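Positions annotated as domain 'STAS' by TrEMBL: B:402-489. According to TrEMBL, the feature transmembrane segment maps to B:20-39, B:45-61, B:89-107, B:119-137, B:143-161, B:173-192, B:212-233, B:296-329, B:349-382.
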């Protein structure tokens, strides 16, 4: 079982599926710890500021986005922290994952088709390729 | 102390700022030219503006890492002024805009941003995107297939080149490639040179050549007012986005003053009014720009390129610039609002659509914002004007107590009065309890008076109770207290 797991999540359905699997991966011992990583990309930052403007409201709104993930973790009695960083999800997750040592990294997959993957780029693919720790991609 | 500040704001991130500044300068050039064409002035006017504004704002601005220059929002507001009165009046309006923005900064007007509802802001950017797109349609009138093909190639490069490299701005690559195609094939499409002169000279100081009369002021003032409002709106929105992206705070009042100083200087050096640019600021932050140096480098490098490469710049086909503007329009539009339009409250969606609709019809962003704000205010008043009145019987049915909840003011009076029925014949006393309400104006007091009159005519005793301090002093002022049956607790 893994002691320190990094879970990349943005509150979407596929990130909730990833949360479920991450909970299954993590050890039930007291010293195990899950880091939930939320990358805010430029487009999201732009939209969020436009729709909320005020700094505190904005933080509140982003916290709400991860409420589903938090709820699952609390139910499963997992120790966790939430880290929010600005950047494109792929590179941001890779950088953060390689900054400190994780036993495993879990990401959800959006399930893009070939064309979407070419234009949008696959986050999970980048993470799988460049993160040094073992990576689990949840479909 | 001063040295430490200088180090923090200017020299803490030299490499990142210089690199990002160069990238931004390259991305600014096509946009500055295209915005000039939208405004109907020579390309040099927009380029001088972007140079002056980014250099001055580097020093005077309140948000390090943000990029300002000539923008689409501002260019769209100038079209009729330029068409009817010419460039000199535009320069005068630019200087006046600067003065007004400095005043706004000094009087700390930035806090009123809060009064612009979010749905109006969303409408504002969506309308801006639509106007920029519509402004490009002129270029397609009687256009040959070559024009369409070149715009398509430009857009394809802009969106696909980042897959190859993210360090070079894809708009610049698109411009170079499409210009190359036109030069080789001799396609015979319009180029920047056909749109106006582009002398390789630095901007020089010259006050606008206009008669200093009241009449002149009356011509430029309306334009300056809308330019002031739209410029500050977009600049403060951009500043908030940069704040969020860099997890730092910024001085919004200093930014307003800085925008004003930048526009005053720009107007004196032959540039058109500008403001902060969301797209360019995002490019800057993404490329590693954080400090004031990035904006300074962007301005200086832009001027350098124009002086050296001016002869090549005139060869850029308008088709390539149209492609860039379509990209700007797509990037400006808030697609999120379109995807969630059925989920947000209907009043918010209406405000957004009315803002957009007003702008598209009037071609004036400021009027759209005003319409949106007014409509939001009306919806707000309508929403809170529902006072609820609950009746209950006390004292073996001899007394009827009406509990009023919600604010009582002019818009709520009608529903307040209607809540009192006429079937009180069997009760001897009526108590109107305001402990969950608040009286706001004289209409509220008058409404209470009317209700009391109705009961008194039928010899029913009326007691008003539960007025809070503010409400009862208002009632006294209005002499509601003259009534012997009234007691305010």
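Glycine residues also receive a Cβ, built from the backbone N, Cα and C atoms like all the rest.
For the transmembrane segment (B:349-382), the list of distant contacts is 73, 76-77, 79, 115-117, 119-120, 122-124, 126-128, 130-131, 134, 225-226, 229-230, 233, 337, 341, 411: same-chain residues at least six beyond its ends, Cβ to Cβ under 8 Å. Counting C-beta pairs under 8 angstroms (sequence separation of 6 or more), the transmembrane segment (B:212-233) fails to reach the transmembrane segment (B:20-39), with fewer than 3 such pairs.
Counting residues of the domain 'STAS' (B:402-489) by DSSP class, helix then strand then coil, yields 36 helix, 23 strand, 29 coil. Averaged over the domain 'STAS' (B:402-489), the predicted model has a pLDDT of 80. Sequence-distant contacts of the transmembrane segment (B:45-61) (same chain, six or more residues past either end, CB-CB distance under 8 Å): 28-29, 32-36, 39, 67-70, 75, 87, 90, 203, 254-255, 257-259, 261-263, 265-266, 269-274, 276, 292-296, 298-300, 302-303, 306. Highlighted: of the candidate stretches B:119-137, B:143-161, B:173-192, B:173-192 has the greatest count of Cβ pairs under 8 Å to the transmembrane segment (B:296-329).
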